[in-house]
Every structure is written in structure tokens, then in C-alpha cells.
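Have a look at the structure below before the remarks.
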Amino acid sequence: MKGAQTSTMEKVLETIVPDTGKPVLWGAHSNKAKWESTVGVLTLIVGCPTLCIMNWVALEQFGGSLTKAIGAALDHGPVLYLLQNLPRPTKDAIMGYAAWLLFQAFLYGFLPGETCYGQKTPAGYQLHYRTNGLLAWTLTHALFIGGAWYGYIDPAIIARNWEGLLVACNIYGFVLAILAQVKGHLFPSHPEDRKFSGSWIYDFWAGVELNPRFGSYWDFKFFHNGRPGIVAWTLINLSWAAYQYQTVGYVTYSMIVLNILQAIYVVDFFCNESWYTRTIDISHDHFGFMLAWGDATFLPTFYTLQAQYMARYPTHLSEGQAIGILALGLLGYYIFRSANWQRDYVRSKKDEARIWGRPAEFIRCKYHTSDGKEHESLLLTSGWWGVARHSNYLADLIGCYAYCATCGFDNILPWSYLVFMSVLLVHRAKRDERRCRAKYGEKWDEYCRAVPYTMIPGIF
């Protein structure tokens, strides 16, 4: 999927940005979507679920080969082929998935947690969040592992019901996106922060509301971004590891390394949940199909591809290879965590901050939100942020490479995760650059001169 396919994906992603003939405004805007935007998002609304189904077909019927699965679809006709090979719903899977959602919603609503505040919205709201994700993750996994240990549940229960769960989460993702669209039009939580493009299809994809809520606390986006999908991520990996053990009699080094690296990422996410409220997902992205279906379906099915693949087709690494891949993944995590820490540290300490033993260097800049208020921000030009303007994205890619490397190089399917993340992060970096240039003006140009590389020093 490299080369031409990556280029094609970038072109599709570029079409889903509203009219860029005008300057991009900081905050909500009402630029009309081009017709290409509507075609682009319609392609993604149809294509993303199709990709998830094709991945499942490749794993079930073609030895994990996505190219063979696509070839068979082209030979028999894509529509007929997909209809004949659609995953089938099951009562147990639908009931189990519904119970999962209700359980996570209960934990989100009733577990104690620290109250934190996100960034100001374009309309000037500063929303509060209860961050109890780490406790929810710990309790969920303790119950799962304890239940498996004492024989109350089969640890491979998720893997063995994967076909039905794939159907259930797809249905929920679409229903959630539709509800978000209706709520945004009829019952908005913060009407001033809504965004309309003039295209219902584009709005369905990108979302109308920035922070849809029930009451003042229950946040749709914050809940779905973290709880059902990311809590499930490590459970799914553990279940596929158990499936591997039950079918071949052992768990490979590759499966162990993958579980360790992705568990570190997930636990880190919940340990720093308050930081997440200030990221682009919460602060800028509106809640539409992209996030609703993406969190409900794409994250738990696509981000776990390596575990699904290795459970069916074990990859055997030597001890040296396993240690090397583990070290690479830990390096990516270290850069990711230290880069984000440096940014938050400098924002809090300002002139007193020191990075890598020297006074931190940064550019002070001001911007205005749509309520007319002026705010100050700092653009860090030292530490990891002096290496590249999006060094955290580089760290993500290093980690993604390590995940995929656990699967070896026999099939491209587990590597499609790296291809997807590369395209996503490059597109996100370009979008960030466009927004920051509109937000900070000449100060952003000054920052780009001080830090010339976007993501990869010397290359990009």
C-alpha cells in the first residue's frame, strides 16, 4: 500500500478540507464545502467500513494477504463479493457489545476522578472534564483477568466473537454519527461553537458540534475518544494472545512485545488524560462520523490488526529481534512523552524553563478567539520542538513501525497500519500548519524559519 496508494489517500484527504481560497479562521467557521469535499468524504464514509471488512476477509480466508483478498474481489466483482463475504451479526456479540458500552458509560459517569479544564473553545467556553480513565481501565482489566483466571470467562472470548463484534461496532458507529448530526442541528450544547459547511454529507463526516454534551458534564467526544475504543484496545490484544495460546500452545515473543508496547501507550494515555483534553481531537475536531465511527469501529478493529494477524499466523522472532523491536518502540514512546512534557513544562514555567540543560527558547505570540478576547501562546524552539515542528508525530511513527515489525514482512496487511498513520499524521501536520499560520500570522512564519523541518529532520 505504499507509493501510489499513499499518494491517492493523501489526495482524498486533501479534498475534505472546506474551501481554502479564503484564509482559514481560528475556530468555527462557515466556509462552504467544495463539491470535491463532498465526494471526498462520501468516499471515506463508504471506503473506511469497506476496508475494515476487507481486512477481516483477508485474515479469515486469504492467509492474512490483503492483496489476495482485493484480487478476489476484483475478479468476482467488488459489490457482489462484499455481499457474499460480509461478516454476520450474532445475538451474543450484539448483547455483549451493548453491555460493554453500558459498563464503560457507568464507569465514566460514576467513578471518582480529577476535574480538569480543556482549552478555550473558539466561542470562549472553557469546559471541564472528569478524568477517571485510568481507574476505569484498571478496573476493567482486573475484572477480565480475574474472571479468566478463575474460569468464569474464556480469555479468548473477544477473539472468538470477533465477526459479530465487527458488525455490532459498525452499526453503533453509524448510529452515533447520525445522532450527533441530529443533535447538532436541533439540540446543540454550545450553539456558538457549531460549524456548518453547507453540505449535509460533509457535516455528517466532520461534525457540527465541537463538544456535544448531555447536561454540563457528559461529553460525547471525550467519552468515545477514550473509553469504549482505547480501553478495549488492550483487552482485544490480550484476547488474541489467549487465542494464539489456545490454538498453537504458546505465545510468541512477537505477541508479547506487541502487547507490552501497546499497553504502555494505552496506560500512558489514561495517566495523562487531562493533557488529552488540550489536544487537537478535543480542542479542534468536531464530532461527526470521522470521530464517532472512528472511535467506535476503526480504532478497536484497525489498531489491533497486528494482534489479529499474529494470533492466526504466528510470527517467530529471535530473542535479539524481539529486544531490538521492543527497544525501538520504547524509544518512540520516550520521544513522544518527553516532547509533550517539554511543551507543557515551558507553557507553565515560561522564562524560568530549562530544556536539555539550557534556558528554553520560544516565540511569544498572541491570537484572538471569536469572542474578541486576546490570548497569549508560546511556540517552543528548543528541545524536541527545535528538532521538528511536529516531533511528537515523528515519535508516533517510530512506535507504529515497531508495532508492525513484530509481524515480519510476509504480508502487507499488518503494515497497512503504518501506511495509514503516516498519511494521517502528514495530513494532520499540514492541517496544523494551516491553522497555526491563520492563528499566529507572522509569528508562525518566524517559528518556521527557526525550526525548518515539519516532522523528519533533513527530509520533511
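A Cβ is built for glycine as well, from the same backbone N, Cα and C atoms used for every other residue.
The transmembrane segment annotation in TrEMBL covers 39-58 (among others).
Here the transmembrane segment (94-113) has Cβ contacts under 8 Å with residues 130-133, 135-136, 139-140, 161, 164-165, 167-169, 172, 218, 223, 227-228, 231-232 of the same chain, all six or more residues outside its ends. TrEMBL lists 94-113 (among others) with the feature transmembrane segment.
What TrEMBL records for 134-152 (among others) is transmembrane segment.
The transmembrane segment feature in TrEMBL is assigned to 164-182 (among others).
Here TrEMBL flags 248-267 (among others) as transmembrane segment. Counting same-chain residues at least six beyond the ends of the transmembrane segment (248-267), those with a Cβ under 8 angstroms from any Cβ of the stretch are 134, 137, 230-231, 233-234, 237-238, 240-241, 303, 306-307, 310-311, 314-319, 321-322, 325-326, 329-330, 333, 399, 402-403, 406-408.
Among the features that TrEMBL reports, transmembrane segment is placed at 287-305 (among others). Through the fold, the transmembrane segment (287-305) approaches residues 41, 44-45, 48-49, 51-52, 55-56, 166, 169-170, 172-174, 176-177, 180-181, 184, 203-212, 220-221, 224-225, 228-230, 232-233, 236-237, 240, 262, 281, 413-414, 416-417, 420 of its own chain, all at least 6 residues removed from its boundaries and within a Cβ separation under 8 Å.
The transmembrane segment annotation in TrEMBL covers 317-336 (among others).
Annotation comment: TrEMBL describes 412-429 (among others) as transmembrane segment.
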Query - Beyond the flanks of the transmembrane segment (134-152) by 6 or more, those residues with Cβ under 8 Å of it - result: 103-104, 107-108, 111-113, 227, 231, 234-235, 238, 242, 266-267, 270-271, 273
